[in-house]
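Participant: First the structure, then my questions, so here it is.
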Amino acid sequence: MKQKEQGSKGDEASQGQAFISRDNQRKGRPVKKSWPCHNCGKIGHWMAECPSRIQENTERHRPQRAQDSGDRHRSQRANITQEEDSGDYLFSIGETTSAKSSDIWLVDSGATQHMTCSKKFMRNYKVFDAVDVHLADDGIVQAIGSGDIVMSMKTPQGMNQGVLTNVWHIPKLSRNLFSVGRFTKDVGPVTFTKDGCYGEAKGAKWKINAREGKGLFKLQMTPVAPEQANAAKSSGCQRGTKSYLWHLRLGHIGHDGLNCIVTKNIGIGIDIPSMKKWDVCEGCALGKQTRMRFQSNTTARTSKLLEVIHNDVCGPMSVATFSGKRYFVTFVDEKSRYCVVYLLKSKSEVAAKFMEYAAMAETQTGKRVKYL
């Protein structure tokens, strides 16, 4: 029995030594000297240690520059900021599962272009061939279009609007990015301080963001819907100045008249610290002009009610009604010139309003609508 136990102990010791020797062989792989590398064919190293293979992998992960403007797939490098749960922050982002938000814009000093995940605020939108955008974590997303976004911002002169041009549309992006490099190139320099960063243009300096925490900077600009941007543009973009506001309130009073009221202090409640001359007012310009007459139409007018009905749709208006309506449609009878106006929330209601108008007009006149 003792001999068997000693024999079994010897076998266990030999097996343990065998396992140790195998582990040592796994940990320390011997240098390959006799067989060629499966990648380059040279002798003296393994495929995983092949210098040619390592160099190819390094070159493959580097951002490639586009060969010419006509390439179907161009390449850009973007460093993008993302919050981490651990409290750190990285200049990289991938296809994250976090909820997208078109209202949050982060200032990024490494992004090559302004980028957004939504196109609902874009004007002059153009679709182009997919562009690969390389992220700092070696992820790749694709830009599929570009456009302009009107941004409302607070400046030393009050609330003004500016335009971010050539903003890339990247649907898989989790946050909108404000490119410092693009802003510096298109508008002016950007200065970073401990409490935020400031933009400069035409001698004026204003704060464009605030520190959000965890090293992030949130943009203090709000995107403006295309309808509101067009309305502000048509009115000279003077909605932020009190001078222009009181010009509208006082029945489009002239600059000299308003200045007289302010300097002589004859207006109660008109709080204008300093008069500023506004740009051309669209209402004043249209009101002082005369329209050219339409060319005479040789077609004789109808002699019967409801034989011909003219209609037109107008909108969207810059200010909605209390019920949220921004459009209106008119129906004019050619014979009587009787006009009916309906307010609309959207253009899709025009057909229903015409049916309502036709029923009302036919009931009152006893005639039938023939032509629209």
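Each Cβ is built from the backbone N, Cα and C atoms, and glycine gets one as well.
Keep in mind the model is a prediction, meaning the values are calculated, not measured.
Copying in the features that TrEMBL gives for the protein in this structure:
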- 1-34: region 'Disordered' (REGION)
- 1-12: compositional bias 'Basic and acidic residues' (COMPBIAS)
- 37-52: domain 'CCHC-type' (DOMAIN)
- 56-84: region 'Disordered' (REGION)
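Have a look at these and tell me how they're positioned relative to everything else.
Facilitator: Here the domain 'CCHC-type' (37-52) has a mean pLDDT of 79 out of 100.
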Participant: Using DSSP, what's the helix, strand and coil tally for the domain 'CCHC-type' (37-52)?
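Facilitator: Taking each residue of the domain 'CCHC-type' (37-52) in turn, the totals are 5 helix, 1 strand, 10 coil.
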